[in-house]
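**Q** When I checked Swiss-Prot for this same protein, it listed these features:
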- 1-31: topological domain 'Extracellular' (TOPO_DOM)
- 32-59: transmembrane segment (TRANSMEM)
- 60-69: topological domain 'Cytoplasmic' (TOPO_DOM)
- 70-90: transmembrane segment (TRANSMEM)
- 91-103: topological domain 'Extracellular' (TOPO_DOM)
- CYS102-CYS175: disulfide bond (DISULFID)
- 104-125: transmembrane segment (TRANSMEM)
- 126-142: topological domain 'Cytoplasmic' (TOPO_DOM)
- 143-167: transmembrane segment (TRANSMEM)
- 168-195: topological domain 'Extracellular' (TOPO_DOM)
- 196-215: transmembrane segment (TRANSMEM)
- 216-231: topological domain 'Cytoplasmic' (TOPO_DOM)
- 232-256: transmembrane segment (TRANSMEM)
- 257-273: topological domain 'Extracellular' (TOPO_DOM)
- 274-297: transmembrane segment (TRANSMEM)
- 298-355: topological domain 'Cytoplasmic' (TOPO_DOM)
- THR346: phosphothreonine (MOD_RES)
Amino acid sequence: MDQFPESVTENFEYDDLAEACYIGDIVVFGTVFLSIFYSVIFAIGLVGNLLVVFALTNSKKPKSVTDIYLLNLALSDLLFVATLPFWTHYLINEKGLHNAMCKFTTAFFFIGFFGSIFFITVISIDRYLAIVLAANSMNNRTVQHGVTISLGVWAAAILVAAPQFMFTKQKENECLGDYPEVLQEIWPVLRNVETNFLGFLLPLLIMSYCYFRIIQTLFSCKNHKKAKAIKLILLVVIVFFLFWTPYNVMIFLETLKLYDFFPSCDMRKDLRLALSVTETVAFSHCCLNPLIYAFAGEKFRRYLYHLYGKCLAVLCGRSVHVDFSSSESQRSRHGSVLSSNFTYHTSDGDALLLL
């Protein structure tokens, strides 16, 4: 992946075999387009993921391993979206960022980026263990194991993100990678390959396998509620694929551009424009994570109802009771048969409900 975000002060791209290519119009469009969408993604992602954090930390029920992973997914998304205002400032301010802020913003961005992808992958593996290998995984799906695995995931995210930010510095009003001469040609390629493989292809393969096996297991279960669970599974995989594939294709094409596969100026301009558009689509995935992974669960709906009641009480100046217990309990009774087929072997009753 090119150093994020794209340079907004460089109006020309140069090539040893081609004339200077003017991309000033694309840069101006990218500045306006990305600034607006970064602000929108920041606002929505901040609210959604904070709700997940508040719901999990304020819940009086005992924590489960699923809760641990969902909490860390929300934290990684928050770390990711927290950098977007700084990138917006970088886009619209000619002076860019201070050197220290450039380093920290880039580091937090990529740690949150890879952390979010890794925790989504871990959640798919956890669901595979809870449903497909329920009897064998009972002793391994504890809160203590969840905390240990989460710490390992954060360590892996930092390790994988390091090549993306270790050479970053503020140089001539741009937050860019300043590589040693011996690494100037190979390092950008390695970064792109790492992002494509560890940030997309490998997680997608793991998710696809885990959810395929889960669907196979659900099909063997005689229950009319399995259709809803299967739809949620397909939604998780399809949304991940649709939101991240275009962006990763553009990263791959950017890698090819480093080897002069696109000498035409028009093609380079099209690539730059496409990268800006697909970038916003991919980054907005962090806004959907709370909806897909958290708010589908009963405890999160209960917390939202509780929060809604508190807001009404503040607005109305008196206590307001929101009655949702009957509808929730009825829904819980209807869905209990499917859950019991798998979770009686596990330590986490939410394993199937949070598909």
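Cβ from N, Cα, C; glycine included.
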**Q** So, taking each listed stretch (32-59, 70-90, 196-215) in turn and counting its Cβ pairs to the transmembrane segment (274-297) that are under 8 angstroms, which one gives the highest count?
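**A** So the stretch in question is 32-59.
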**Q** For a quick check of packing: other C-beta atoms within 10 Å of the C-beta of CYS102 (disulfide bond), how many?
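**A** The answer is 21 other Cβ atoms.
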**Q** What counts of helix, strand and coil residues does DSSP assign across the topological domain 'Extracellular' (257-273)?
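**A** Across the topological domain 'Extracellular' (257-273), DSSP assigns the residues as follows: 11 helix, 0 strand, 6 coil.
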**Q** Can you give the mean pLDDT for the topological domain 'Cytoplasmic' (298-355), rounded to a whole number?
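**A** 53, rounded to a whole number.
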**Q** Provide the number of Cβ atoms within 10 Å of the Cβ of CYS175 (disulfide bond), excluding the reference atom itself.
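**A** Its Cβ has 25 other Cβ atoms within 10 Å.
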